[in-house]
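Below: the structure, in structure tokens.
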């Protein structure tokens, strides 16, 4: 039973008896003197006599658990306590011996695992009555998920909404399951997909997650880790029919789970790991262990850990947290479990357990012992950024990837069945209906089949619908044999007097016609396999924009981002419009960005957020603005002229003098003649396809993406019919579709060898290069008006993203307290980066680029770099698939926090994938040039433009770029050889210390090791030239690469030295590019050809945050003012009837004392673990110990962090309750997010202007009526209730004495600011009272938000309510609340609480922000713009 390998004469340092295989303790124990060596101790041990009293700690668990590495490490440390002896009960004893024969012990550590006889352990505890570390009776409950959830609910711990399905014949009332296609109903509770299905037994790890059909359907099947897999995707969508299960709501966690490990109620270690539901691949390190990352818990999460520990009476307890929607939810409690591979945790755990045991048992053994109180030396690990600028925010707007050609058919329908369908799905509410779900499309198909059957019986019956159109509708809906829900949709629009009547204007005779519906069927437009590869590769390339790392895990590009993301230092959100191709592009990009594997469906569901509910990325393409109609009509008129372009045509069609536009017009000359040629080529093409179909060899011919010759012919025949109308005129709107189709066939179906496609591509591209960009406006003013109309919500969101970046980081920080000796190999870069990725369609990309080009960001006459950028953009002919607009925000920590140089913005752009016809003709840009603090002089001066005329630039992805002083590229410059390119594909480029004689002192790059040494991380061999590491080496975003290169410089293989001379000719600035697919060795199964993606080009790298913020605000305001003028008359007529009662009252923060966690030594160990446990790997859990270095406190009144406000304000658009008007919308929208016991805490907002500018409002106070008037005029739709500004100011003045809920640490400048704010507040309120008549101009729909109390008291007096978005005249939409971290933590310095109260009082007063009217109004409805549908064919 007992394995005692040591002699009876042992030293005072007790040992850990493991049998003959014990390898010893390894390191000195706590009781050892540091000057004693191990040999001296061993010699002394023979002469020493062990002390009489010994506390025996018994370990009763299965051998696999009791001899695991974590248990061994902890017990070794536990043995270093004097008076403690650890004994392990063997598995044979536990299983086969009666409990009476088990040796007695004073303290028992026992826990259940598979095969463990828990009944015997309970019997033993009753027999011997030892001190239990983990309660045994409660372990029965932990084995049943139903009991776990019941206990969690009783303790008031948040958990996902769930229902239990008990398949028990004795209780049939608990087994009511109704399964639908996209939902299940369990005992009356409905769970729409995605939902989770868990077996009730906690020992059964076969958890299934079911996905909605709109995301591809199927399920992810989770299981206990087997090798490198933890889940697998299955196409099965039906729930299990046998067994009892818990069904619960799926929580979107952005692909990471948090595992929490408690040791007593006051210690909790947390780690993040990749969610097994994401792709099922277990990330392992070089030793084969699952990679996990340290995470800092918030105050509320520490409270949850304490509750779990106490409720289940388990001192050592592990549980799973899901962070979603601004809250933390417990989804599983595992009982006894240890952290793996954390030396710090082993030390902490052993110390806490030892102290707990000694505190409980030492008195009865008369052992002199007290808890050690010496201060622990925990140095702060310094950051490595030095003086480099730190990447803080990346915002990218990206077009979707390569797709199949989009196709559309319109028909007018009048059958009652279509009207019934329209009514059933609520079409009459808005007059429009969009049907995408499989069951909806099935209804349309059923109606179509029924009408066709009736037409066969009665060809001359009452059915008015055209047979040909109905048959096409039927064939499209029947394609593929099933509805995927993302590649076909039907739109119905109601016309009260028939479609033609509405089209032809006010015709009295027409108005008597019966109403009809316009049915628009859209299909195609699916993301192709090539598009998926493009998106995934671009995602991999994007990794390299983030801070890099060192150590064992730095063997591949972009490893810095991966560890950044998993440690929650990366605040990532991916948004996509509701189009399937856009969502799949976003999912594929996320897969590459985060090195995920497996199917796209689970990634899409968990990582991609739909932004279609508020117009952020979607636009109602069927309703064009009046400006778009004018532009389209003028464009069609010019292109219908059968004559060569004259000077006046150039003035009319190309007033902006765009280089690409002029080039295309030169090619076209006579538009009608070119259209004749295009039409003849299409006729020839359809003739060739028909001939191929007659060829017996083509019977089973499969084209790209499973298309057949019949479908291909259908595509081209429809274009042939539609392009030339019966009148002989051409429908110019079909030109983009023709170009789309021929580009697709040349790229993907080139093997057919159809004649004339190259010429058709050349001519249709020339026409498309005129039509497509000019549809978004011809003159600068039109381009800007249409652009802002498309992307106003997105512009506001980008502005919010930039302003939210400099927020308090205490929520997302890694653990700041870390032993230096534990820091080696820890994946924890000290950065916090916010990333917002917006995937959308061509319209938004065109529009956003137009805003930057024509909105007046900079004066090109004064800024040479911006002039070069505009010249480059002017030469871009097409914004192709995967076009990117990237905004990067850096912070220079060496600058004064109030300085304009503190934050630095860069603007980058890529026109997406290369067209197949563009070899050698692409315009050259300025290179990718992130600013570097070590090359300040290069910021604005580098990168002179090459000749923008076509044909001058190289087609190489890493083509040469000259800097200003350099001579032009010589004709003899060799291109980079395939050998170098191949080697680059297999390894990460790192710095070589070779120096160049060229200006600027660039350091060039070569391979660090052969491809075979490349660590496999999911990148494969397709990671060629992803990002210009030449730039990254000196870039503010990747300073660590320099260190990496210096440390690895001597490892350069001979192969790279052989090409050093050639490398010296490599351009100084290479581009961020994805160029793998051109190389023959880099093929991709299922892809005919994946075009190269153009590298990112820097448009400007010396912008300040203030410049960009003011520019975006100005553009938004200009649009708002323009619409206000159009609706001023309507506003004036409505405004007199508005009441101005019930003014907005700002929410008050209530004071609540910090939660006191009392130490209760008389209780079992799960109630307290003693003072030494107050410092945990997740930071101090108890407020009794105040650490000056810690940045978190403990409060039972948590506050949501700024992510909530961001999602709320930037996306959700504060809700307006019908009938209650504007006076209620001000606080309703925000209060939805708070629990009843919480009080709203204002999120941190830091103004980019110095504090000294706070005094500015004082000077502008006399003009307070003007901003109010401006705001009033800016709204085109009246609200029903109007707040009175004068009353509001009065109320703010009266409420000025309320104290704040929490007292953060106050910095000195902020104290000055607070006094200034008090002065401003008093002056403003006094002025409001004196000038109530002037001020009382009603501001409809606008709630003026008072000055905010924020972390460190950055009072944003100079920046008005950033996001008071009121969606006027439209129903309130659901507000997405995806927040990675739920709560904001503040440090509370107890000693300074009293003296800081006065400063708090000053700041808690309501301060109306009057110097800048609200910038944030949604796009108002243009009452004059009528939808004019296209001609029905």
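Placed from the backbone N, Cα and C atoms, the Cβ positions cover glycine too.
Since this is a predicted model, take the numbers as computed values, not measurements.
What Swiss-Prot annotates here:
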BINDING   64, 65, 224, 225, 259, 273, 337, 338, 339, 340  substrate binding site
BINDING   145, 198, 205, 224, 248-251, 257-259, 275, 320, 332-334  ATP binding site
REGION    382-453  region 'Polyphosphoinositide-binding domain'
REGION    915-1020  region 'Disordered'
MOD_RES   944  phosphoserine
MOD_RES   987  phosphoserine
MOD_RES   1037  phosphoserine
MOD_RES   1073  phosphoserine
REGION    1134-1199  region 'Disordered'
MOD_RES   1145  phosphoserine
MOD_RES   1152  phosphoserine
COMPBIAS  1168-1186  compositional bias 'Low complexity'
REGION    1235-1257  region 'Disordered'
Problem - Under 8 Å by Cβ from residue 333 (ATP binding site), same chain, sequence gap 6 or more - result: 142, 148, 152, 308, 312, 317, 318, 319, 320
Fill in the blank from the handout: Cα-Cα, residue 145 (ATP binding site) versus residue 337 (substrate binding site), nearest Å, comes out at 17
Exercise for the section: Sort the binding-site residues 205, 248, 250 by C-alpha distance from residue 337 (substrate binding site) and give me just the closest. Expected result: 205
Completion exercise
Across the binding-site residues (248, 257, 320), the Cβ with the fewest other Cβ atoms inside 10 Å is that of 320
Handout entry: Other C-beta atoms that fall within 10 angstroms of the C-beta of residue 337 (substrate binding site)
Key = 19
Handout entry: 64, 145, 205, 224, 259 as binding-site residues, winner by CB count within 10 A
Key = 145
Completion exercise
Same-chain residues at least 6 positions away from residue 250 (ATP binding site) with a Cβ under 8 Å from its Cβ, in sequence order, are 160, 193, 194, 195, 196, 209, 605
Problem - Per-state residue totals over the region 'Polyphosphoinositide-binding domain' (382-453) - DSSP helix, strand, coil - result: 28 helix, 23 strand, 21 coil
Fill in the blank from the handout: The rounded CA-CA distance in Å from residue 205 (ATP binding site) to residue 64 (substrate binding site) is 19
Practice task
Compute the average pLDDT of the predicted model within the region 'Polyphosphoinositide-binding domain' (382-453).
Solution key: 84
Completion exercise
Rounded Cα distance in angstrom between residue 339 (substrate binding site) and residue 248 (ATP binding site) is 27
Exercise for the section: With substrate as the bound species and 64, 65, 224, 225, 259, 273, 337, 338, 339, 340 as its recorded binding residues, calculate the greatest Cα-Cα distance and give it in Å as a whole number. Expected result: 23
Completion exercise
residue 257 (ATP binding site) sits from residue 224 (substrate binding site) (Cα to Cα, rounded, in Å) at a distance of 15
Exercise for the section: Could you round the CA separation between residue 257 (ATP binding site) and residue 64 (substrate binding site) to a whole angstrom and send it over? Expected result: 25
Practice task
Translate the DSSP assignment of residue 259 (substrate binding site) into the three-state scheme.
Solution key: strand
Practice task
Enter the number of other CB atoms within 10 angstroms of the CB of residue 339 (substrate binding site).
Solution key: 23
